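Each remark here refers to the structure printed beneath this line.
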Amino acid sequence: MAGVPRLFLAIATVIALAAAAAIPPPEDAPLDLDEAQLRELFGQQDIFALPAGEIPEAPVEQQPEEEPEQPQEDAFILGTSKPLGQISGLGITSKGHLLAFHRAEREWTEESFSKDFKFNAHTGMIANATIAVIDPANGQVVAEHGKNQFYLPHGLTVDHEDNIWVTDVGAHQVVKMDKNFKVLMTLGEKLVPGTDEKHFCKPTDIAVASNGYFFVADGYYGPLHHPHSIALIEDLNLLCVADRENERVQCFSAGLKEGHRSIPAGIPITSADDIGRVFAIRERAHYLVGVTGVDQQDSLEPQVFAMDMDTGKAQTYLKGIENGHALAISKDGTVYVAQMNPNQIVGLNLA
């Protein structure tokens, strides 16, 4: 762990705030207000779509407004040149390649974990490749990585330097690789779940800021009910969390802004509730895009949604899409959604 104490401190903070909160703000110029004081000043209303790091002069109350569903003619299945297993994570590199983090021949079953969250290590690491590098223009798998490296793949994120971050829920670890898939850092004790600053319990996703700070969704520990995916909207100083079993997206202050009007990390800012079990979220150009499954009452169809974080308005797409688990958004506005059973990638142009 030498050389990364600042990053590890960030991880410890995320665990302490239930896998969804932020890095401690700089000590030189934080706003000296805690959550209770902010609520006393601004009431219980959510603070929505603020300029980066600012505090409003009056309470703001906005709920996402759903607009009519958009035509779906631009949706397509991205056929791949090689079969993939259960695709649990997606990312896009600066060169435009689509990375699919998948489980090859392995599936998550009732026998995969014990009641105390320990993975059935007798199954061993997955022998086959678990990361496919795909040309989205034609579905060609141009390279494969991750043989004998992971137990049960889950989340994948590509940062601004093309480093690849993945989570292994079986190993209870977070792994950072460079663009050539060389391991640079591993966090968490292999196959040992825990709730302290040195352990994870089925980590599900990662979000990375441009200053090097990063956040980990520790998916099965804490007051959030299975935080399954996270998205950082850096210029709005927001960290949004797919709170899956609570059927909502919650956004917190990320604590990345400095100055006397910065908001401390981890304060709830806004949420979208009762939208179905949210499996994945990603953001581009202030649009938060997500994919949901059926709700617990089986009354809402699975769908893809796109929420304008500046206005609160939302649109829905691909109603009825089954078992969406991960997504990625390209620079041209194409949304790629990974499905499990069937194991395939669906593309949708929202530009």
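Our numbering is plain: 1 for the first residue shown, then up by one each step along the chain.
Each residue, glycine too, has its Cβ placed from N, Cα and C.
Because TrEMBL annotations are produced automatically, they should be read as predictions rather than curated entries.
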Disulfide-bonded cysteine for CYS251 as listed in TrEMBL, from CYS201, CYS240: CYS240
Local confidence of the prediction over the repeat 'NHL' (187-255), expressed as mean pLDDT: 92
Integer Å distance between the CA atoms belonging to LEU156 (Ca(2+) binding site) and HIS228 (Zn(2+) binding site): 12
Those recorded positions listed as LEU156, CYS240, and which of them has the most Cβ atoms within 10 Å of its own Cβ: CYS240
Sorted by sequence, non-HIS154, HIS228, HIS325 residues with Cβ within 8 Å of centre, Zn(2+): SER88, GLY89, GLY155, THR204, ASP205, GLY219, SER229, PHE279, ALA280, ALA326
